[in-house]
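Here's the structure, in structure tokens; my notes come after.
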Amino acid sequence: MKFIDEARIEAIAGNGGNGSASFRREKFVPFGGPDGGDGGRGGSVFAVADRNINTLIDFRYAKKHVARNGENGRGSDCYGAAGEDITLRMPVGTLITDMDTGEVIADLTEHGQRVCLAEGGMGGWGNLHFKSSTNRAPRQQVDGKPGERRMLKLELKVLADVGLLGMPNAGKSTFISHISNARPKVADYPFTTLHPNLGVVRVDHEQSFVVADIPGLIEGAAEGAGLGHQFLRHLQRTGLLLHIVDLAPFDEAVDPVAEARAIVNELKKYDETLYEKPRWLVLNKLDMVPEDERAAKVKDFLKRYKWKGPVFQISALTGEGCRELIYAIKDHLQAIKAEEAAALAEPDIRLDDRLHNVDQDQREA
């Protein structure tokens, strides 16, 4: 199935039905009084997150989604039927934005999360509501309210714990296929990966994490060059970035240090927040470097690159060093979760002070 991570749709809710202006008509009851029912509520348009969907392709072609109008009220105090709601199933990770106002309507981050995109109009009142002691035969009624109409932008940002960065042919796809159940296309030419791939890494029977592989970046990606800039948004939800560098490029004229710097520069241009995320350096293709030259090659790279963060040396093809990297990632993600849990459990001192002041005021009163 083709991967589509952006779409624009129009959500049109149903109008409310009109209220009825009618009067009770029965034998031997010449002045039966008003009995007009209310109009039905217009149908609403909802979105629900579904983990079984991984693309927005359905919304690339079906752009208009219209809910039914509510039925008009009738005599004998009959209310109009409500319009049927419609529900749009979207991938988990979809960000929904109102194109006219720029308002973020919803961020669907959990399976089953449901949100209203366009609310149906309220049904109008029938003349039964206007009966009073001075107006025994009201002829006024209220028309239904129009439903909401919105132009929406849908952006899919995949939910992953770890994101892979690197130049084309750095070995990202080989790496994710080695450590996870993902099976991306692997070939010896640039831009083999054309869309994001997700892989679940099983550390043991109880622990796992998700890795996202995006198309390789090239210099100028933030301005639109290559493919990667289209998919950098998929790394915004990750907790850790792995910068994979080809330590032994096929073309000897290519400098791995210059390529690594180019990737970091593109990241900074695209999004400062993404640039500030925790980032580890992963030197790949050790199998292409003779064992007696590895230490010197790595030392020279780190000296020229001036990198002081975590460094891992691997061969995605043979699996050398991959297991150690997996366990380090697991420990890092566990530490992040522990910090988040501690932050949630920490009491709000400001709230305690307010409660103390309220209690003291009550005692003095």
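Even glycines carry a Cβ here, placed using N, Cα and C.
Swiss-Prot has this to say about the protein:
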DOMAIN    1-159  domain 'Obg'
DOMAIN    160-334  domain 'OBG-type G'
BINDING   166-173, 191-195, 213-216, 284-287, 315-317  GTP binding site
BINDING   SER173, THR193  Mg(2+) binding site
#### Entry: PRO215 (GTP binding site) CB neighbourhood, other CB atoms within 10 A
24
### Summary
Least Cβ-packed of the binding-site residues LYS172, LYS285 (other Cβ atoms within 10 Å) is LYS285
### Message
For the domain 'OBG-type G' (160-334), what's the mean pLDDT in this predicted model?
### Response
79
### Task
Please state whether DSSP places SER173 (Mg(2+) binding site) in a helix, a strand or coil.
helix
#### Entry: Distance, SER173 (Mg(2+) binding site) to LYS285 (GTP binding site) (CA atoms, angstrom)
13
### Task
Pick out which of the binding-site residues ASN169, SER173, SER315 has the most other Cβ atoms within 10 Å of its own Cβ.
SER173
## Note on the structure
Cα-Cα, GLY166 (GTP binding site) versus SER173 (Mg(2+) binding site), nearest Å, comes out at 10
